[in-house]
Amino acid sequence: MEEKKPFQIGDIVMANRVVLAPMAGVSNVAFRLTVKEFGAGLVYAEMISDKGLILRNKKTLDMLYIDEREKPIALQIFGGEKETLVEAAKFVDQHTNADIIDINMGCPVNKIIKCEAGAKWLLNPDKVYEMVAAVVDAVEKPVTVKMRIGWDDEHIFAVENAQAIERAGGSAVAVHGRTRVQMYEGKANWEIIRQVKENVNIPVIGNGDVETPQDAKRMLDETGVDAVMIGRAALGNPWMIYQTVQYLETGELKPEPSVQEKIDVCLLHFDRLIKLKGEFVAVREMRKHAAWYLKGIRGNGIIRNAINQVETAEELRAILNNVVEQSREQQEREMHVV
Ligand SMILES: Cc1cc2nc3c(=O)[nH]c(=O)nc-3n(C[C@H](O)[C@H](O)[C@H](O)COP(=O)(O)O)c2cc1C
């Protein structure tokens, strides 16, 4: 296989080039650890508000929790002003065992943009430089940035912004190949990601529309990036991470999981979520995850409806266990027919 230098950010050397994306409302420790066990080389936590950290908001502080088994990990912060961003970064630097501090410069959501955070900075490489330099100066841990390629089609400063990040002392940049205006529409532009890689010396992580292990290989080959970041394809599907790691290492495509395997991992994820957030919140958050895990399973529409009504962990577990039972019976029936 290819002889390329290992994927490294600062002093941290990753075991492979497959990275779990930060996803708000998803990438908490319960999900990250589950994905990590499927071999992710690096995991990103969901974005954390600088103001929440500074105000010592309990929910925000809880988001800093890291399990040793999921390392290496990047904690991502967002904010609109230099002072608060720096203060939040210092807090993460001194009070967490995160390996990397990541700054969010890609979030397209209006709530975030209104406070000048997220993708808004992408219009101004000088601002990008100023923010990153201030954070880098204030902390010991490596600082990275996750950004979109630009604001809209007329304002794509991906290369300039990545160069600003590099000059400011940033240790890596992750690039989602869409503009802010695109939100999640259209296709991710990998050509711009390639241009970024060509024009900086820090590691570049490519992101956007990696849906299969083959996509991951194609992104690495076509853009030359140091690693691929996977978001939506890993929802309810940590096997995607395992299959990608395996495919990149051996060229072999591992089979899809059985229904039993899917439900077992879903239940493990659920137990972790209960430990993290308590039963009430976990049951409600798990509804969307369960729907993702059930994707592709026969009759999943009816099961999803039932899941959306559950109130207790016991009810949810019973439905999920029943899915395995039904699929087993279905298989037996099919064997008889044959
Ligand atoms: C539910 C959800 C939440 C997200 N939250 C964040 C976030 O907190 N921080 C961030 O930088 N990007 C966030 N993103 C963007 C993803 O990290 C990623 O850039 C995007 O989904 C494109 O990658 P994909 O095509 O592999 O999904 C989020 C995406 C989704 C779907």
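Positions of Cβ are set from backbone N, Cα and C atoms, glycine also.
Because TrEMBL annotations are produced automatically, they should be read as predictions rather than curated entries.
FMN binds Pro22, Met23, Ala24, Gln76, Lys146, Gly231, Arg232 as TrEMBL records it, and from the list His95, His176, His269 the residue named for this site is His176.
Summarising model confidence by region, the coiled coil (303-333) averages a pLDDT of 92.
Listed in sequence order, the residues of the same chain lying 6 or more apart from Gly231 (FMN binding site) and placing their CB within less than 8 Å of its CB are Leu20, Ala21, Met23, Asn207.
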